[in-house]
């Protein structure tokens, strides 16, 4: 009772501090923050999806307004829109609406169809790719230059330049710009008529208006400088591609000064409005129409065609010529409603810019002031700009965290801690290797070396050579990641070189991506309950509201096909079950097309594809693995689970069950965390060596009874089981055959004997 009283006092004190700080913030930013005091009402009425969440990943996608969706669905239920390539009344209505929306997009950017055309694409990347496809490259003469801090999609254009054997392909820095495009150094050449395009070599320069990694904004005046450069060079012209996707999410981009505006602008509408998602656009200067080159043509882009010879005539307008096939016309109509909602709620993007700038000032000020007990800064910030000046800095705060001793905290650990506390952030390289080189000092040669060592963009290795590999932007388990089953007391269970017999021998593979599925992505997997019926030679699989599925344990009794997959970064050989009934059973339950696969270690024909214990564990030799993440055996102490639950209850949260830790062996009788001092363990006649603690991720937060995801026990483990920046619970083990009795079998309920370290 006394504890609850003191807890309530602490809560009241914290609430008072928050209210005091909020009042000070509102006083400082009353003219910038909150859209004239309407922010709380807007959030409650328009963004119910944010309840209980702190969403800090607006650079990836902003959140959509409820009213934009409801008005869109009302529009669709009251109006019939036909395919825009037809001439029916519904198609004519659709075309009229699409033309109006194209004009609205151009008005948003302060221009009109006389100067620019809107070509709808799938996303900003597709718009960038389209530039590469239609650009007037000259083989062996054109060049391609791009800013170092560009997104991968911009860097990807170099493949088009490589295909035409470009004279040069160069990544330049901000400091390089004026030396590369120095108009004073260009020798004046004989004037060529403006329409004599065939005598001009066209080059391309691409850069982001705002870096998606750091939020740094680059000068929009660069286009003007390049135009000066072009005016003194009649033999070649450099056209400018501006990647505006990140910039326009919170700022207006004006194209009113046509002569000094970019030639190509790529945008993404979900970054502006949250919805529609499958829609971007290439905004291209109308005057470029004569020099652009169409390679492929699809439906809707032709005025006439001969099927048996290379003769076709393209449609006249730019968007009709370059929008191959039927465009996403319903999502374009949804875009109209997104514009309506944004203008009604926020008036215009200048108010959005002011609002987010006030938040960035507050965020940067507080994050930069965080210090450890010894005075060392907590955050390393990846921008030198003043966050109060939105001319040079967008609303992105990119950082890494250091401990008090100066060592780095891995960005994945930070992201996991944020996730279990309802904070949505993004971490990693963020598709921007140039920024990683600039700020984290991971240079191309480091990236190449790390890839050779197995590091990829989408793995869980967040440190490389002592540096962050990216940054933070604000029991027996037969089927991997499914529910385990307990072996009955006094039932002997065989031990193999790769673990308990049948442990993690099966997995589910995403039919589209070819990778193993896990509870991290699909928590519902824990509701799938496999049981081994050894006496009947069957694997029994059950799930709520599903008839049981029986699968023959003997691989000779089922139809299998070989398949290469990936588990925890390791390439493996697997056998896919080809039965449509089996695939449909799992796919329909999970709502994702998937296949059941069995690890090829069940046969002797795949020695080259074997997986081994991870190198950070203290194993004397390369013991093989099945589909386990790191080791063949995992031990959990019941007393340690009880201790963690005690800490969880002190915070007023619900206890967890031992099965959330997914151990093979659950030990009773020891004191909490006594296992940290163990060297060897004997279960009956079988001896196991402790090879290291188990690193934990937020998968332990999945309730195995209902697949609900909470913040516990990961949040508590982060407080009481963190060592050198990693969170540990449970211990990995290997079997020691030389010290064990034959046959190698183990029983539930076996006695336990311990050998301690030293």
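Just so you know, glycine gets a Cβ as well, placed from its N, Cα and C.
Note that the coordinates shown come from a computational prediction; the quantities given were computed from them, not determined experimentally.
DSSP assigns residue 431 (active site) to coil in the three-state reduction, outside any helix or strand. Positions annotated as active site by TrEMBL: 431.
Assigned with DSSP, the residues of the domain 'MOSC' (610-755) fall into helix, strand and coil as follows: 35 helix, 50 strand, 61 coil. Summarising the annotation, TrEMBL assigns domain 'MOSC' to 610-755.
Sequence annotations record features per position, and here TrEMBL assigns N6-(pyridoxal phosphate)lysine to 271. Counting Cβ atoms from all protein chains shown, residue 271 (N6-(pyridoxal phosphate)lysine) has 24 others lying within 10 Å of its own Cβ.
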For residue 271 (N6-(pyridoxal phosphate)lysine): DSSP state (helix, strand, coil): helix
Arithmetic mean of per-residue pLDDT over the domain 'MOSC' (610-755): 85
Length of the line joining the Cα atoms of residue 431 (active site) and residue 271 (N6-(pyridoxal phosphate)lysine), in Å: 16
For residue 431 (active site), the number of other Cβ atoms found within 10 Å of its own Cβ: 16
